């Protein structure tokens, strides 16, 4: 029996033997494709090739593509664990032809791989195929050339309510490449319910689609007409987990080797004995998507891809809770996953430390609110009417306890309860409206500037040009032929020394001029293939066709270059100190400072910051040569050049190196030697999102100015404390010691006063059914003193209930004390929470002592009344 890893390798080997280039799986984060949340099909990385916008050095390719379907249009999350074949993560085996072979070879290859004893050796009688109703060519190839009998070939027409809307007709969109497809199904046997494609029972599990072969042969126009493509192409997909189930003689994907290994590990970690428990399936599936998403640079957050990852992690943690997991367990599955995925697990092994740290931190964070959220949900579900949970409760769970809607839906599903999703969405929209700040945006020239040709960038060699031609002018969002003095405009030149903002580096400033005109450039931006010089005409007039000189603000450019080169040194130093998991997530390089965002799941210590600074400054002092070289991207990767995550690179790339220390793909401007940076100083380090840290730093003169400013602060502080700077720490320590001593003495006085007040309050106790009760408002008394008073009164009363409320600086403090003999009747935690609800707060504690806080002092009277009423009714 073939393992899943062996099937994956067999597929790639087969198509390599047929002249296909084996291409590595692309990232789960699509490159520059805003239409996709995650890579969800093998063809995603070849989309531009199919559209004719990109060319590859090969016309045949094969891949084992990792895919995620959770969130967005393709969202399988809610079904995962409850069906045999839904997953958040799966591998798609694919072979592709870019204007090379077509239907005959695509069908022949598929049949050979599936049925040949040399490869998979499936029984031919177990296979059925579908073709598009009018695709006689594909039908004849299957029937007459391959030899599939007619009763095993099914024609599928337009079954989705519109022309060409069919399970067997594929389209990239409303317009563009499209064509019929043929699908191959496997018959699991008559002991399993289900019917053939096209029958009412087709959704059963007997006949399972294992391969889809798409024939891209038409270009659909906006009017619906179909034009034949000059070079038709082929896109295929076969789910690895599905074909593994077939070859391993199981009906459910969760019974294949990969999942069974993971399921057994989950059971071991959680103590679950029943290996058919659906929660085991959920967790085994979710560790795959979570680990690979983190490996591909996604970190848990509250928006976009990061929020989908957070939802998956929290769903897995909740199912672990159902299984009885008492401690963090999810991250412990990573080594097992890396092993069982074999070659496809290499990226998980490389990023293992980052994945484990991220998952553990996220699980610990969610565990703090999971229990309370589940109690709230359980209480709400016990009061549900008509089997519908209200949208506002679902939203409160989301907003307060971090419960994604699908996690709440999971719990409801187990009790046959649905959620009022419209009500949830109303609450969500109301929150968005409250949070939305008013914005006033200018003209978006990205949608305005359409210019033939491109701007040639000369800024690597020079910061000035004596001659450049104005090819277009834009003002107020419109193309114009001429601009006059005082007008703001965007100037497009045929060539320029000005760097357009990209890669985190801000755009250049400066001037362009003629003999009679001067245009001040305040910013430079890239608009597709052209560069826009944004600014104001200070004198004269400027027309399309004019010849101008161009001069960059050289001093500013050099300051920007110093910060950009320092960013590369910082990146390399971070990886040396923190580890290879560090990867850039964003940057800003200006003339005054640099900002660098990077993956790092833990806080960075002060000692590590000092070490990072020292490494960067050592490289600056060594005055290393900074080199730039244009080369083939594969050669750059072999040299170890780091690429910016999420960027899409062409076949030729620019490599910036700092001999023996840093090498990165980069299109920015840099110093000639590291000594030109002068000095590097970190001014701040912080977290900006879960697993993402930010360092801000200054260089050269800005670093000296920053240090001088810090020295001034030290000098002023020393003067105020009548000390010198060398003795400043000692002086502050002495003052702190004095302050602590005075604070301790003050607290002792307060406690003495509180005990005296407690003696007086004991006399005010009332009896409820022979039980002593004190309910009082004591404003201005802090929590610590209240606790002393309660303990003293419990001793004095011997048996009783003491309740105090105090308002200090508009904050409400509540405390309830119950003597040990009464905790069976009165739970301090329940009573304090009853009061806390009245003052907009929450609290907790032991049965004999509990505390709460609140933000609504005007409701303290109501809280005490509610407490008294409860005691009257329950004692």
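Cβ atoms here come from the backbone N, Cα and C positions, even for glycine.
Not measured: the values here are computed from a predicted model.
Annotated features in Swiss-Prot:
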type    : residues           : note
BINDING : 564, 568, 666, 670 : Zn(2+) binding site
Residues near residue 670 (Zn(2+) binding site) in space but at least six apart in sequence (CB under 8 A): 561, 564, 565, 568, 626, 628, 656
Beyond the site residues 564, 568, 666, 670: chain residues whose C-beta lies within 8 Å of the centroid, for Zn(2+): 561, 565, 567, 626, 656, 664, 668, 669
Cβ neighbour count within 10 Å of residue 666 (Zn(2+) binding site): 24
Other CB atoms within 10 A, centred on residue 564 (Zn(2+) binding site): 25
Neighbour count (Cβ, 10 Å) for residue 568 (Zn(2+) binding site): 26
